[in-house]
Amino acid sequence: MNPDLDTGHNTSAPAQWGELKDANFTGPNQTSSNSTLPQLDVTRAISVGLVLGAFILFAIVGNILVILSVACNRHLRTPTNYFIVNLAIADLLLSFTVLPFSATLEVLGYWVLGRIFCDIWAAVDVLCCTASILSLCAISIDRYIGVRYSLQYPTLVTRRKAILALLSVWVLSTVISIGPLLGWKEPAPNDDKECGVTEEPFYALFSSLGSFYIPLAVILVMYCRVYIVAKRTTKNLEAGVMKEMSNSKELTLRIHSKNFHEDTLSSTKAKGHNPRSSIAVKLFKFSREKKAAKTLGIVVGMFILCWLPFFIALPLGSLFSTLKPPDAVFKVVFWLGYFNSCLNPIIYPCSSKEFKRAFMRILGCQCRSGRRRRRRRRLGACAYTYRPWTRGGSLERSQSRKDSLDDSGSCMSGSQRTLPSASPSPGYLGRGAQPPLELCAYPEWKSGALLSLPEPPGRRGRLDSGPLFTFKLLGEPESPGTEGDASNGGCDATTDLANGQPGFKSNMPLAPGHF
């Protein structure tokens, strides 16, 4: 044995042990039990926490408002809005179960809940994001059907079919997101305080295709077809409406009672005018579908802008390490996708007055009491109200045509003057309603008018509890003239176009024999 070698080995052992000991505590490949926590920057933690906390709170409140708006307003319960509610549910689930823990990770700089919960968090993240974009894919298909087949839409897209489509969305989202929980992921890091999205190359490619690129292709194809169909159909229908308006010769106002609404429709058919089969009705329904498509097109556009950078960076960084972005850039891209969850509750009220009014009623705690006022407004510009007293009555219309269109979707504006006939709400028709009474109006009737009948003494400004009647606009004169005056049976109509405001005021005493 060489003593020098033995001596050298023995003298170097303590030094080697010291180096090994230091490496265990400070080396880069440290274990979870020996790792040290990163130093917390209090100022940065507070500022980031406040910003992300406000963002998460806004996303939660906004998506709850969207859900309650549809739940508390019967006229918003349409198949299209069911898809919107499903999108809000996905964003709400993301805001409750994913974003708080993502914000904690950003504030503290490390994961505090262990490896198992990290895997669950990542899977729920993929689930919610996939459900969101698949909901947008279903919305785009729904909008194409609504624009392409606007008259047949209620029979093609029923509530049952919409619910089945929503269930399919969540089933597909679960299939795409469950892979990492079943072991389809990269090996877990040694440090349990590290947590992030799965970057296993093939799963990253699979999830990007299933969660984003394939639905995105469907969305773009559907909205391109919507644009083509909308442009062609609008041109054809507007041309038909102008031709129909030129052939119209009269403006008829009728009072409908509860029991004789169908008789009123038959009287209009006898004059050769069928509101339900007119081109104007088709244009109105098509315009409503096209407006909804525009609103949801904005939603889809913002979703693409928010999530496209992430779904570009994730597969490229997983497949090619040289193309992986810096951590700071990846965090910004990551949270940009999350930011989409609070955008939709902003887009809906800005693009739809129905959602805006629903939001205001809910914020004012008027979810239930607002229903009755909404029904009154639905009569609005195209349905006037009359409550009889002894032998007189009060007939008043002060709702603009535009507001009535936004509330009920049953009136038209612009060139859409021929209105679909719709029964008044049964809740506003008293018992013992009288037969319909035909009235007439000045031929130069314009939107934004105010009609009134004399009120009996002592009853001014008061509403009577008697039966409520409505009369609706069923036609339009070809040109001003005296034909209406000759057949009005004593009604005195005058125009009021002061200051360039279209409208008229008319005093029309009702015939006593009708009540």
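Numbering starts at 1 and runs along the chain as it is shown here.
Just so it is clear, glycine is given a Cβ too, placed from its N, Cα and C backbone atoms.
Of Trp111 and Val226, Swiss-Prot records each on a different side of the membrane. Disulfide annotation in Swiss-Prot: Cys118 is bonded to Cys195, selected among Cys195, Cys224, Cys306.
When Asn29, Asn34 are compared in Swiss-Prot, the N-linked glycosylation site annotation sits on Asn34. Of the candidate ranges 84-105, 162-184, 296-319, 327-351, 296-319 has the most C-beta pairs within less than 8 angstroms of the transmembrane segment (202-224). Ranked by number of Cβ pairs under 8 Å to the transmembrane segment (327-351), the listed stretches 46-70, 84-105, 116-141, 162-184 are led by 46-70. Cys118 (disulfide bond) sits 39 Å from Cys365 (S-palmitoyl cysteine), counting Cα to Cα. Its own atom aside, the Cβ of Cys365 (S-palmitoyl cysteine) has 9 Cβ atoms within 10 angstroms in the protein chains shown.
Sequence-distant neighbours of Cys195 (disulfide bond) (same chain, 6+ apart, CB under 8 A from its CB) are Leu105, Trp111, Arg115, Cys118, Trp121, Ala122.
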